[in-house]
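Structure record follows, encoded as structure tokens.
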Amino acid sequence: MNITLLKSKIHRANVTEARLDYVGSISIDEKLLQASGILEYEKVQVVNVNNGARFETYTIATQEEGVVCLNGAAARLAEVGDKVIIMSYADFNEEEAKTFKPKVVFVDENNTATKITNYEKHGAIF
């Protein structure tokens with residue numbers, strides 16, 4: 001049996017752009033993708049902290065520093081300045097699931113990684 005677990009998370013990133021007239025996806029600073037272990041074109045779940053919206057899309061890496069841009073229909077689900085949590089998931093067998101720890105990237109107001117951990121303390125946001 002496989003179990004789906006959180007693999008990676010970029011925590012409370014600031015939306016820097018929202019482009020409705022784009023094909024789709026979420027563009028993310030490639031440095032944040034690398035730090036989190038999220039791959040380009042990987043399916044992600046995005047949660048808007050400001051309005052509670054949750055949606056799935058895929059990532060596009062950008063070389064523009066600090067960019068987190070919602071593209072296409074997703075642009076309707078957040079405004080510039082909203083905080084979002086970007087998460088990817090992976091399937092593990094039961095033995096792998098017992099020891100796996102997700103990678104969590106915390107960012108500042110400029111979407112620069114300030115802390116990278118392989119665990120997350122529940123109840124704390126920083």
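For all residues, glycine too, the Cβ spot is worked out from N, Cα and C.
What Swiss-Prot says about this one:
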| type | residues | note |
| --- | --- | --- |
| ACT_SITE | S25 | active site, schiff-base intermediate with substrate |
| ACT_SITE | Y58 | active site, proton donor |
| BINDING | T57, G72, A73, A74 | substrate binding site |
| MOD_RES | S25 | pyruvic acid (Ser) |
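Feature map: annotations from Swiss-Prot on the structure.
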residue : record                                               : DSSP (3 states)
S25     : active site, schiff-base intermediate with substrate : coil
T57     : substrate binding site                               : strand
G72     : substrate binding site                               : helix
Q. Apart from T57, G72, A73, A74, which residues in this chain have a Cβ no more than 8 Å from the mean position of the Cβ atoms of those residues at the substrate site?
A. G24, S25, I26, F55, L70, N71, A75, R76, L77
Q) Under a criterion of Cβ-Cβ distance under 8 Å and sequence separation of at least 6, what residues of the same chain contact A74 (substrate binding site)? A) A18, G24, S25, I26, V46, F55, T57
